[in-house]
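Inspection log for the structure reproduced underneath, given as structure tokens.
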Amino acid sequence: MTHTASSLIVGNWKMNGTSASAATLIGEILDGAAALPPSVALVICPPFTLLDRVGRMIEGSVVRLGAQDCRAEPKGAYTGDVAAPMLADLGVHYVILGHSERRRDHFETDAQIRAKAEAALACGLTPIICIGETAEERDAGDAFLRLSAQIAGAVPAGFGADSAGGVIAYEPVWAIGTGRTASREDIESTTAHIRQALAAHLGTDDNLPQILYGGSVTARDAASILSIGTVNGVLVGGASLSADSFLGIAAGAAGSPS
Ligand SMILES: O=C(CO)COP(=O)(O)O
């Protein structure tokens, strides 16, 4: 399957990695990344502890650096938190916000996620705002309502039109870490809905944020997912911890055999 438009392949390492494992993984990814066409953009989001080390390793390569969260305030007495300007200072380009694991474990609200996105944009970072319905919401037929509400609450005005751009990651909660990827048909209809909801919320059809799919993506299904017209890339968890899998997914974006 061939995919001609550019694709954003983002690896979310979550709470995984040591200096030794990161050195090996990044070395292998850089070896393989050199063979990818320029239409495929790779982003690695390691935990905070590895941002500096990974940033130094990928310097001068096509791979960009992303973080997994930031705080909305620029500095202050917030023990354990990390501010957006601190990330920008480290050479970070992207920041994942509102991941379902943070919504679940840290009770993050759409309003907080929106404030974080505004803080990230203010220092030139590209936010990757995560949205997604739970299995219960899906079974109740409320998935689209839930996604529209998350967009209305978490996506800042003008999102995507800023020079830093903006990214929305559709990650159905029931597909994350479960090995249960959403079907191509589901991803197609849901991302079409998300695109419509973004256009309605932002009041424009131009410069809309890019839309990623995330949830048990593997090299096996990446090419099919990435060939959907409303999907601009993928957000990869588990499979981003293996260079073979991550590069296989990127090869799916490049239209080459994975
Ligand atoms: O949450 C995810 C990426 O942010 C998806 O994780 P998995 O690819 O492990 O399902």
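Placed from the backbone N, Cα and C atoms, the Cβ positions cover glycine too.
Here the structure is a predicted model, which means the values were calculated and not measured.
Record features (TrEMBL):
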type	residues	note
BINDING	N12, W13, K14, G177, S216, G237, G238	substrate binding site
ACT_SITE	H99	active site, electrophile
ACT_SITE	E171	active site, proton acceptor
Apart from the site residues N12, W13, K14, G177, S216, G237, G238, the 8 Å Cβ neighbourhood of the substrate centroid comprises I176, V236, A239, S240, L241
Can you give me the Cα-Cα distance between the residue listed as 'active site, electrophile' and W13 (substrate binding site) in Å, rounded to a whole number?
13
Just the binding-site residues from N12, W13, K14, G177, G237 whose C-beta lies under 6 Å from any atom of ligand 1, please, or none if there are none.
N12, G177, G237
Out of G177, G237, G238, the listed binding-site residues, fewest other Cβ atoms within 10 Å surround the Cβ of G177
Within a 10 Å radius of its Cβ, which of these binding-site residues (N12, S216) has the fewest neighbouring Cβ atoms?
S216
Within 10 Å of each Cβ, count the other Cβ atoms and name the one among the recorded positions K14, H99 with the highest count.
H99
Among N12, W13, K14, G177, S216, G237, G238, recorded substrate binders, what is the largest CA to CA distance in Å?
14
The residue listed as 'active site, proton acceptor' and G238 (substrate binding site), Cα-Cα, nearest whole angstrom:
14
Neighbourhood of W13 (substrate binding site), C-beta criterion under 8 angstroms, separation at least six:
I44, C45, P46, P47, L50, Q68, S240, L241
